Amino acid sequence: SLVKSDQICIGYHANNSTEQVDTIMEKNVTVTHAQDILEKTHNGKLCDLDGVKPLILRDCSVAGWLLGNPMCDEFINVPEWSYIVEKASPVNDLCYPGDFNDYEELKHLLSRINHFEKIQIIPKSSWSNHEASSGVSSACPYLGKPSFFRNVVWLIKKNSAYPTIKRSYNNTNQEDLLVLWGIHHPNDAAEQTKLYQNPTTYISVGTSTLNQRLVPKIATRSKVNGQSGRMEFFWTILKPNDAINFESNGNFIAPEYAYKIVKKGDSAIMKSELEYGNCNTKCQTPMGAINSSMPFHNIHPLTIGECPKYVKSNRLVLATGLRNTPQRERRRKKRGLFGAIAGFIEGGWQGMVDGWYGYHHSNEQGSGYAADKESTQKAINGVTNKVNSIIDKMNTQFEAVGREFNNLERRIENLNKKMEDGFLDVWTYNAELLVLMENERTLDFHDSNVKNLYDKVRLQLRDNAKELGNGCFEFYHKCDNECMESVKNGTYDYPQYSEEARLNREEISGVKLESMGTYQILSIYSTVASSLALAIMVAGLSLWMCSNGSLQCRIC
């Protein structure tokens, strides 16, 4: 009689993880390990970007800051900034009502500037033939008194005269210069002559690239900030060695200060109501800072810095481990003991904690689990490289900042919004499809690795062991721990055990043949006995029918 056979089984790791992923074919597949690649959290603060503070304008607008609204004095001189923060509806904008020409274009320009240096180009004291201090308004109060924008000068007539102005400034700096000026549009003709003496006036501005002539538009208007008049402001970039020339006989708002663009770089004007959080980040959104190495986020579509890509998804999880189907109980099943990971295994091993794939053996010396370190390490390297590759490919650094349009460009704004929404939809679809496909490939990859490990053992053992169909092999010979180890490390000596295996196979086959012979003898005896009994019954019935006349019997 044979003793209980030694066995070796191929299996895979399982744990208590409840992480779930989606694949092309399935949803909510529980896996042993997974990695979230969608950032969903932020700190709710405005932070320094790579150590450089933002310029947070608080209650001031960009126009209020650049022109010098008296309520924005804290921004008269500002250090280098990483990005600019402006509220959606800042209180301190153009205190004197009017318009800022090409304002949106100026903001776009600021998205490529990190530092201004304010310099005086035409001193206020140089206007000896005009009144340079009387140009103030109650619309721009400071300390309870009428005031005006700090960086421009509202020139008024002096001694009932407004001589024609001819003034030039040559940019001798090495940097570009942002120059601002304006025109006043009075409420009526009386205000025109009261302020400028001349009833018909103009302003001419010229550079190597600019040729502008402005005339005031006198009209009756509703009061804003107590004013019926309006002011319109303009700007230009004056290149090094270029000159700007002004000529006017009235209504001129002259530049006193200009901004030297001393540092260009990636910046942005971000609309946000948040406060400064005394923190540092690599990625800022209007909702708060993101500190993450993930390739995607769903916090806000507008960002500045080294940011993940925005997608509309709520969940993006990459499978890194295996299907997690722990073996619940050890019982015989038609398809074996373990799990369907390789088509024939029905459950993972929680007892194997030091690897993804491995072995369980049992012999007279005992039983135990052992991970296959080589295949596990190769799999870990492969999955890690794949995840890192996905992150690297998707984590291209870029900015998505809001674009502003004036009232005449609403159709362009709507078209731009539709295009951006379309791009976001495409990115979201691509990200979700990428995750589904990679998860399918990862789980198939693990399946393949388990199958390869099984084939490695099968090819070594050949007919020295029997495949049980559940990931296990039953040896036809004694296999001690040294023998088991040789199977695991691929050095199993088939010839050494082949004779013992052959004898045991033959003994098992003999028992089967003997059982089959006995079965056949019993079958033949049973068939003959049944046939004889049937013949006797037929003969008896015939004799009885002949004796009572029911059947005529003739013997020839």
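Think of each number as a place in line: the chain as shown, counted from 1.
Placed from the backbone N, Cα and C atoms, the Cβ positions cover glycine too.
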* To do: Taking Cys283 as one end of a disulfide recorded in Swiss-Prot, give the other end from among Cys140, Cys307.
  => Cys307
* Asked: When you check Swiss-Prot, which of Cys95, Cys140, Cys279 turns out to share a disulphide bond with Cys47?
  -> Cys279
* To do: Among Cys472, Cys483, find the residue that Swiss-Prot gives as the disulfide bond partner of Cys479.
  => Cys483
* Asked: Rounded to the nearest angstrom, how far is the Cα of Cys95 (disulfide bond) from the Cα of Asn15 (N-linked glycosylation site)?
  -> 67
* List nothing but the one residue from Cys95, Cys140, Cys279, Cys479, Cys483 whose Cβ has the fewest other Cβ atoms within 10 Å; the candidates are the disulfide-bonded residues. => Cys279
* Compute the C-alpha separation of Cys47 (disulfide bond) from Cys283 (disulfide bond), stating it in Å without decimals. => 9
* What mean pLDDT score does the topological domain 'Extracellular' (1-520) have in the model? -> 89
* **Inter-residue Cα distance where the pair is Cys72 (disulfide bond) and Cys279 (disulfide bond), in Å** => 24
